[in-house]
Amino acid sequence: MDITESEFTIFEVTPDPNELNNKRIKEIKGGKVNIKELFRYAGVFEIILLIIGIIGSIGVGCLNPLLMILTGDVVDTFVNGENFSKEGGSIKITTEEMNYEIMNSISDTINKLVLKMLYFAIGNMVAGFLQTICFFVLSEYQGIKIRSLYFKALLRQDPGWFDCHKTGELTSKIINDIQKIQDGMSLKFGRLFQTFSSFITGYLIGFIKCWDLTLVVLCMFPFIMVSMMGLGMSAGIFTMKSHKPFSEACSIAEQTIGNIRTVHSLTQERSFCESYNTKIMETDKYNIKKSIGIGTGLGCMMFFIMSSNALGSWYGNFVVRGKGGSDNVKAGTVLTVFMSVLLATQSLSQISTPINILNSAKVAAFNVYQTIDRIPDIDCQSIGGECPTECNGNIRFEDVQFVYPTRLSHHVLKGLDLEIKKGQTIALVGASGCGKSTTIQLIQRNYDPNGGRVTLDGKDIRELNIKWLRNQIGLVGQEPVLFAGTIRENIMLGAKEGATPSEEEMIECAKMANAHDFISKLPEGYDTIIGEKGALLSGGQKQRIAIARALIRNPSILLLDEATSALDTQSEKIVQEALEKASKGRTTIIVAHRLTTVRNADKICVFHQGEIIEQGKHQELMDLKGTYYGLVKRQSMEEEVDQETVENDLKKFREQEDKEVENISLEQTNLHNENSIVKQIKQEYKEEQKKLKHSNRFVLFRVIWNNYKHEYIFCTLGLIGGIGAGAAFPFYSLNFVDLIRVLMKLHPGINLTDEQANSILRSCMIIICIGIITMISFFCYVGLFMAAGEKMIGRIRRRFYYSIMHQNVSWFDRRENMVGAVTTKLTSDPTSLQGISAERVGDIIEIMSTVGFGFGIGLYFSWKLSLCILAVFPIISFFMFINGQLNSKNAAPAKAAYEQCGVTLVEVVEAMKTVQSLGKEDYFSQKYNNDLQIPKRGIIKWGPLLSITNAITNLLTFSINAYGYYLGICFMKKTINYQQDVPNFVDEIIDTFGDIQKALMTINSATTSFAQIGNVLPDVGKAVGAAKSIYNIIDRKPSIDCYSEEGETFNDVKGEIEFKNIHFRYPTRADNEVLKGISFKAEQGKTIALVGASGCGKSTTIQLIERFYDPTSGEVLLDGHNIKDLNIHFLRNQIGLVGQEPVLFAESVIDNIKRGVPEGVEVSNEQIYAAAKMANAHDFISAMPEGYNTMVGDRGSQLSGGQKQRIAIARALIRNPKVLLLDEATSALDSESEKIVQDALDKASKGRTTIVIAHRLSTIQNADKIYVIMRGKIVEQGKHQELIDLKGFYYTLAMQQFGTVN
């Protein structure tokens, strides 16, 4: 049956049948969501907060233009004073009395206006408090809720969906995109309403006070709107374009950091850095274009705003003289119109940042909400489907056909028919990639078949509740997946939903899996933390814990996919017996390459290219002498051994092992008395942290200086632009007061004098010039500084990744440096640096420029008033400082909590099939939600305090006008000359007021600008924390430096490896000595083998040769050179490594093989094909539709275990290494492939030193020397036959593995 892509629909995004979700999906087509959709997850409480926050924002926005009415009234008070002098001319009082009367009248009126200004200030404080606290709480709550929903949605998705998405892309959404959504709902969203309300109120006041003057000012409004629309479009388009390369960069980072050992062993650090840099630079390219677009739009907008003011200034003299459309217009009215309209249009100039942030949030929400909305066909959260009262375990495959969603043209199963009866044990055998593991996945319903059906007890499993189905199944996979935490937690994860096994039951399962003994000997026993993915355990130890986890489930169906592949022979024998016991009374399906483990199966099915070609019991198939017979014969050893002899030897072996265990226990007891090494390791760690803390003292200046150093042209122009933009408003205010002073002396029906006309024209021309300067300044300060900031963030992100790849393996072993935590830092910390990037530095420069010029001008015109107002600044600064400190205190624990969330996220996404097979979606969802409680508690603790300090700052800033006018009138009353003629007295009042108004308006622009620092401080607090986190890693100098150019190199490398009295402890487990004085030699061109029980230290020797770690004492030599003295890349380039768990990267087959090529070496396609042929990989690669260009999926998910292993072998062989390290290199291969690959490896070993770690002794019987390791010591050594003749440990292992094979 041919399956076309159009027919394959089960993995497409499936809309929710619910009408609401259908509506949502329609609404979000187009790359970003609308405002309503952005807040779709807001509950009643959050909606109330949103409404109150919007009201507060509108209040803050309205009060500033309304304050201009009072300011205009102040001006008109002086104009009225002049009128009063004319009216009082007929009254017979002395000139001095008249002057006092005029002054007192003005003073009384202004004092009343000052009181009203104070009421406005209090209103602004209340509105500001509501705005801050509501949006702070709203954004934090929504961020936590969306993180939780997204994580839950990921847990819900089917494996087919994950096959089509890279882990890095998914994790970047929760780390980066949700932060953008949160920013879009924060106070920055409130600023949108603040600016729009300010805009509307300002123009409304203008039309009410003087409609014709406002219309003249509005002439430029269409141009302002076009500039603003261009700004918004630039932000939206380039934000969307930057998303794809950034996600791809995150994917590269997550893959490489998660597989750092493989990256180091292949010396591919620089290559991956180049790939990462390419994606980040592509992201930077779009972000820089966005910045230039925003800067250009904002510069043009400011020019048109100033031009409109120039037009208004020119027309102002007509309306005051009664020649306009409005009647009774005074200078104060002109001032009110101008200032309110100026504030309205100026508010638009501040809208770029919130619009940019909102656009980013809407684009990010589109990506995140799509995942949350998606309801898969295979929905593990569904409550639908049958839940039978019992499960008998009768399984049937009926004409099942299947293709994977990412390889639609490759048929994995072709009409599979198979019946498995209750309680039967069925074995599936065959070559790698023939479909065995696929059948296991179909039984769990990880995928649905494209044709036919799978039934359980006669019911199609698609009709069963999926949680109920998976609850009946226990699975032990080919590559054991454990989770960061304790051994106890990992075993307990196997328990059925709602069940709580006792301690005794858990220990019994561990004993059945032959895990109890090694667990008991660990310092913390079952409470031992095993590290990320169980990194602190050997492969065999992980496998045994996974088996214990499956057994504690007591399932009706047991699925064993190469369950004992990673075990040593002794453990395999014991565990196999346990599994056979566990299989009784339940249906068991075994996938195995070691055919000794399936002899007792009720039925053995031989697969070939997706079809069963033979089936029957072991002896029936042996008698058939077909494919199965050939597979068995290939695995048989030549020796035939009497079973009774084997049992006696096993007994003897166990007795000897018990004695060895007793000795080890004594050694471990002695370890507690030998604390010098442990103390040394811990002391080194403390000193490292102390150095890093010292280097963090000047981190803020380092970030700023590093940015300026690399972008000095952009930054210099931005610096000049920032100063120009900051100076524009004080000088505009100065010029505007001169204009108002002229208008105050105009009267209806009176023509302009030449001096007045020239003065008005000069003011208009100055405003035009300020507009041109402002346009250029804003382009430089916003556009170029923002572009420099984006380049800085990109550069630091690249350097940060480079430094992470720089770290030695032991650094990644630390709990705080797990993959999720490190990728979270890499994604979020550089983004947080925007708080101290060039853009923010530009904001601060503009603010300080405004403050400097404002107070400079103020001091020149009224030094007393300026100094009195300046005295308020320390109080404002104090509250700003407190606000910044509170922001830092809030940000630090939240940052740590989100990093821990990142750890859980990456861990779960990478192991999603295991999580879903265990049915532990709710467990991990709860664990993730528990991590989110820390930032949630911070909201309640810090939100009110932040809002109060911010509100007090607003109160003080808003009160400056009232304070200034009150002081100004007091100074005038004391300094003015009352003894002159009334007209001269009035002129002096107006001139003196003009100077005070100049000082006050310029100072007011300074204080308003200074208050904007409060908006910058929260971002600065986050940025400083992020910078410390980044530079902690950048400044760290690892003891094993993979980038180091130092160290010896030499020609004619022979490849002789020698261990001299090696002792070793892992830095994270300093209390446990792994190797205890090991010495051995692998001579040039020879093959040595290391055998022994899981966890005895075999794989550790491989890691020491690769120099992932340095020994605690002793020496590892290459051709007589201590490897510590060799250049690290030179050393690793001499080595080819194939590990126990093959690691491939999410790229094509050919690119994965090329990863083995040392840096600077070119290889042809023919050489790649030759390496693949040697690894027995060429045929299956060529059979795939895309051949060598086939994408292998995230971590090789589109290939079988055996296929991945063969590509990994080809990758090692293409290095043409002098030393070949094979750590269970053929463990995942079927017997046919193993034989071919083993022959290839035997050939490849000629002329090079080969060190083999193997549990299958058949693969190492031809080794030149075999070393038997037990508990970190070599207990036997010799050739295969010598050790067999010795009849010691090795002999017993061999007998235990092969017994009486005919």
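Here the Cβ of each residue, glycine as well, is placed from N, Cα and C on the backbone.
What Swiss-Prot lists as ATP binding site is 430-437, 1092-1099. Residues or ranges marked as domain 'ABC transmembrane type-1 1' in Swiss-Prot: 51-360. Per Swiss-Prot, the feature domain 'ABC transmembrane type-1 2' maps to 713-1022. Residues annotated as domain 'ABC transporter 2' in Swiss-Prot, with sequence analysis given as evidence: 1057-1296. Taken from Swiss-Prot, the feature N-linked glycosylation site covers Asn83, Asn663, Asn751, Asn808, and the record attributes it to sequence analysis. The annotation transmembrane segment is assigned in Swiss-Prot to 43-63, 118-138, 192-212, 213-233, 292-312, 331-351, 712-732, 765-785, 841-861, 862-882.
Shown on the structure are the features that Swiss-Prot records.
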residue: Gly430; record: ATP binding site; DSSP (3 states): strand
residue: Lys436; record: ATP binding site; DSSP (3 states): helix
residue: Asn751; record: N-linked glycosylation site; DSSP (3 states): coil
residue: Asn808; record: N-linked glycosylation site; DSSP (3 states): coil
residue: Gly1092; record: ATP binding site; DSSP (3 states): coil
residue: Lys1098; record: ATP binding site; DSSP (3 states): helix
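Each of 43-63, 331-351, 765-785 was scored by its Cβ pairs under 8 Å to the transmembrane segment (841-861), and the highest score goes to 765-785.
By the Cβ criterion (under 8 Å, sequence separation of 6 or more), the transmembrane segment (765-785) is in contact with the transmembrane segment (292-312), since 3+ such pairs are found.
Listed by sequence, the residues of this chain that lie at least six past the ends of the transmembrane segment (292-312) yet keep a Cβ under 8 A from its Cβ atoms are 213, 216-221, 223-224, 227-228, 230-231, 233-235, 238, 337-338, 341-342, 345-346, 348-349, 352, 356, 732, 736, 764-765, 767-768, 770-772, 774-784, 786-787.
Segment contact holds for the transmembrane segment (43-63) and the transmembrane segment (192-212), given three or more CB pairs below 8 angstroms at sequence separation of 6 or more. Reported as a whole number, the C-alpha separation between Cys1096 (ATP binding site) and Asn751 (N-linked glycosylation site) equals 105 Å.
Tertiary proximity for the transmembrane segment (331-351) is limited to same-chain residues at least six positions away from its ends with a CB under 8 Å from its CB atoms, namely 61, 64-65, 68-69, 71-77, 79, 191-192, 194-196, 198-203, 205-206, 209-210, 213-214, 217, 221, 224, 228, 298, 301-302, 305, 308-309, 312-313, 316, 319-320, 736, 740, 743-744, 746, 778. In this structure the C-alpha atoms belonging to Asn751 (N-linked glycosylation site) and Asn808 (N-linked glycosylation site) are separated by 84 Å. With a threshold of 8 Å between CB atoms, the same-chain residues lying at least 6 positions outside the transmembrane segment (118-138) that come near it are 42, 46, 49-50, 52-53, 55-60, 63, 66-67, 70, 185-187, 189-190, 194, 939, 943-944, 946-948, 950-952, 954-955, 958-959, 962. If you measure from the Cα atom of Ser432 (ATP binding site) to that of Asn808 (N-linked glycosylation site), you get 34 Å. Here the domain 'ABC transporter 2' (1057-1296) returns a mean pLDDT of 85 for the predicted model.
In this structure, Asn751 is the one among the recorded positions Ser432, Asn751, Asn808, Ser1094 with the smallest number of other Cβ atoms inside 10 Å of its Cβ. Counting in whole angstrom, Cys434 (ATP binding site) lies 39 from Asn808 (N-linked glycosylation site) by their C-alpha atoms.
Cα spacing between Lys1098 (ATP binding site) and Asn808 (N-linked glycosylation site): 20 Å, rounded to the nearest whole number. The Cβ neighbour count for Cys434 (ATP binding site), using a 10 Å radius over every protein chain in view, is 24. With respect to Asn808 (N-linked glycosylation site), the closest of these binding-site residues in Cα terms is Ser1094, chosen from Gly430, Lys436, Gly1092, Ser1094.
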